[in-house]
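Pulled from Swiss-Prot, these are the features on record:
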- 1-16: compositional bias 'Low complexity' (COMPBIAS)
- 262-275: compositional bias 'Basic and acidic residues' (COMPBIAS)
- 97-181: domain 'SWIB/MDM2' (DOMAIN)
- 1-21: region 'Disordered' (REGION)
- 199-282: region 'Disordered' (REGION)
């Protein structure tokens with residue numbers, strides 16, 4: 001059985017983004033050019049006339065090897081381009097934060113021999129000067145170099161107590177003593193007038209009653225009503241009985257009998273009854 005040895009690949013070191021690394025870029029460029037030269041030599045060897053016994057398979061192998069070298073050369077040149085010609089980030093403004101220049105204090109001017117009242121320095125410049133002073137005078141702890149051991153001159157400038165452990169990150173808190181306090185400027189008369197006008201406008205706006213927005217009435221939603229109940233039709237006999245009962249209720253009461261009074265009643269008696277009564281009496 002044939003034993004296949006694994007292919008040994010050289011590790012490629014790629015620099016971090018945003019940093020220049022000319023050595024790595026030069027290495028990628030040389031590797032790319034070497035691969036291109038090898039590919040060209042192989043291609044020229046293929047084009048030269050050889051023995052007639054050369055098979056098609058061997059020809060294909062040679063062409064594949066040339067293509068592989070060309071691809072490797074392309075990869076190396078792309079890496080070189082990404083490292084060498086990466087676009088840089090540029091900031092538009094340098095007048096913010098640590099880079100904004102301010103007037104230094106009198107204590108800082110005497111400490112650094114700068115002219116007081118005219119020189120303006122940023123926090124970055126002052127920090128750089130103090131770090132150089134600490135390094136030159138060997139004011140760092142031997143075991144931990146992040147700890148600063150300030151001398152009397154530096155203590156007076158930063159106004160640090162003996163109990164405080166001063167470090168490079170915490171030093172920024174004490175740099176406020178190296179600059180003059182920013183005094184608020186008095187407002188000009190024009191600005192005062194503008195402010196007065198604004199206040200008058202604000203008061204009038206506050207006094208004016210706010211318009212109450214009419215709220216829209218909610219739309220009346222038609223509630224579905226149940227269908228009317230069908231009246232049950234009574235049979236004919238019940239209808240007749242109900243009609244008779246209604247008629248009885250509507251009938252007038254019978255007339256009262258008249259009281260009999262003397263002659264008038266006799267006059268109204270028929271003659272036949274009078275004759276019969278007369279015969280009976282006889």
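Using N, Cα and C of the backbone, Cβ positions are placed for all residues, glycine too.
When averaged over the domain 'SWIB/MDM2' (97-181), pLDDT in the model lands at 89.
With DSSP states grouped into helix (H, G, I), strand (E, B) and coil, the domain 'SWIB/MDM2' (97-181) comes out at 42 helix, 11 strand, 32 coil.
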